Amino acid sequence: MTFGYKLDEDGVTFNLWAPYQRKVKLKILNRGIYEMERDDKGYFTITLDNVRVGDRYKYILDDNSEVPDPASRYQPEGVHGYSEIISPDFEWDDENSVKVKREDLVIYELHIGTFTSEGTFEGVIKKLNYLKELGVTAIEIMPIAQFPGKKDWGYDGVYLYAVQNSYGGPSGFRKLVNEAHKLGLAVILDVVYNHVGPEGNYMVKLGPYFSEKYKTPWGLTFNFDDAGSDEVRKFILENVEYWINEFHVDGFRLDAVHAIIDNSPKHILEDIADVVHKYDKIVIAESDLNDPRVVNPKEKCGYNIDAQWVDDFHHAIHAFLTGERQGYYSDFGSIGDIVKSYKDVFIYDGKYSNFRRKTHGKSVGDLDGCKFVVYIQNHDQVGNRGGGERLIKLVDKESYKIAAALYILSPYIPMIFMGEEYGEENPFYYFSDFSDPKLIQGVREGRRRENGQETDPQSDCTFNDSKLSWKINDDILSFYKSLIKIRKEYGLACNRKLSVENGNYWLTVKGNGCLAVYVFSKSVIEMKYSGTLVLSSNSSFPSQITESKYELDKGFALYKL
């Protein structure tokens, strides 16, 4: 590793890239201060043989300020405190990784701090058997890079190599991955390479880590294409390898790649994909551009990412079922939108968007369905609502089941948001734990203005209210388990060669020898096939269908043809 420190038989070698500094000293707490040697690229290096695991350190800069290591492996006292030397040793018995094929992926997105009452890696470990029984094949963990305080979504992280101290630190995360692997569950880590958080970022004093040309609304964005960008790219790519080698993660979710601007001949996303694929892992991107370039192979000038999120799919179902038309939902709302998303993935694939006031997106062509991840809830779509309401609070139970079937039985990769599978009713708010009064006030006002959030993001109550209650609705949980089982048994993944028909309030999807029937309001449907009932959301559906007309109540049914 180029950045941070390295332990070997000669001692500990520290390496800091800080070209803005003329001199840097290493301060080992309670041991001493040592002058570091600078090379012509701005790297400061020193090897010490009197340093051991558990020692804490900072760097002293030209102005005598002390800063933590930007590649710190652990920040036991938070983003402003000393960095700590940790041992990479761990007794792994997980056989290194779980290799899950895209067509077998059923993802479960969770936030460590609110998934259990403990809010720790250990708390998640206690629920792994439950997740295995649910039928998911991978857990996707929201960012765990060290952020300010003890409560945050994770997207305000500032130490990309340091595991959040309040969650259980690096040893706790290693244990979680190890235990997940023993049950055959893959671990996908959500990482943020489009920006760093607004508090605790000392890299600005060290070198050109951040772009002077591009901005994000969340914090400074990394410099991937200007002077000094070679070292910044290395900093990011080594971070990818770090999570794979040191923590055995099986894949990554890249946050908001539309906010990663890189005009280099080779885009950083392609570089990231190359590193991930070198280790036979997977990488998934969040993008709101509706651009197949993200997942297209290199021979089609793509970045070769394995899959990308599809917000259009969510918006179509949400707007149709709830009737909401505010904000971006104004572009959606008809049953035809659901049909188009089933057929073409993106609804806006070169169409004019009234919300954006421009043409948006591009056709995905014949890319297979497992290049795309769909959902009816996620941390953004729930947490960026003013009241943090989950879908279960916005629609009736039958509509909720219809929504679940629409995405779990789709040809795309389904992603469940924690608690959704049993009808969790607690809200999921945005919360933070900053210490800067001006920043705190800015966040409060911004969330109120942009999202209508009246709850205080800094309040412990907001955080605690967002924790799962684990009050399980057995009927909904059983339905989710059945959907996941059917998806696997009937091989419904990836194949986009479907026959989709619809009326004003109903939709049928035929493929893989099955017919899925979705009835949004009592309707008469003329069936063109004969089949046997496999699963239904209620008892109103006939056990057998033939080529005739049926008056069906609201709900969902799947028939084997």
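Glycine residues also receive a Cβ, built from the backbone N, Cα and C atoms like all the rest.
What Swiss-Prot records for this protein:
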type: BINDING; residues: 253-258, 311-315, 379-384; note: substrate binding site
type: ACT_SITE; residues: Asp255; note: active site, nucleophile
type: ACT_SITE; residues: Glu286; note: active site, proton donor
type: SITE; residues: Asp380; note: site 'Transition state stabilizer'
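This view paints the features noted in Swiss-Prot onto the structure.
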{"residue": "Arg253", "record": "substrate binding site", "Cβ neighbours (10 Å)": "24"}
{"residue": "Asp255", "record": "active site, nucleophile", "Cβ neighbours (10 Å)": "21"}
{"residue": "Ala256", "record": "substrate binding site", "Cβ neighbours (10 Å)": "19"}
{"residue": "Glu286", "record": "active site, proton donor", "Cβ neighbours (10 Å)": "20"}
{"residue": "Asp311", "record": "substrate binding site", "Cβ neighbours (10 Å)": "22"}
{"residue": "His314", "record": "substrate binding site", "Cβ neighbours (10 Å)": "23"}
{"residue": "Asp380", "record": "substrate binding site", "Cβ neighbours (10 Å)": "20"}
{"residue": "Gly383", "record": "substrate binding site", "Cβ neighbours (10 Å)": "20"}
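Proximity to the residue listed as 'active site, nucleophile', judged by a C-alpha distance within 10 Å, picks out Glu286 from the recorded positions Glu286, Asp311, His314, Asp380, Gly383. Counting in whole angstrom, Ala256 (substrate binding site) lies 5 from Glu286 (active site, proton donor) by their C-alpha atoms.
DSSP assigns Arg253 (substrate binding site) to a strand segment in the three-state reduction.
It is 9 Å from the Cα atom of Asp311 (substrate binding site) to that of Glu286 (active site, proton donor). Cα spacing between Gly383 (substrate binding site) and Glu286 (active site, proton donor): 16 Å, rounded to the nearest whole number.
Of all the binding-site residues listed here (Arg253, His314, Asp380), Arg253 has the Cα closest to the Cα of the residue listed as 'active site, proton donor'.
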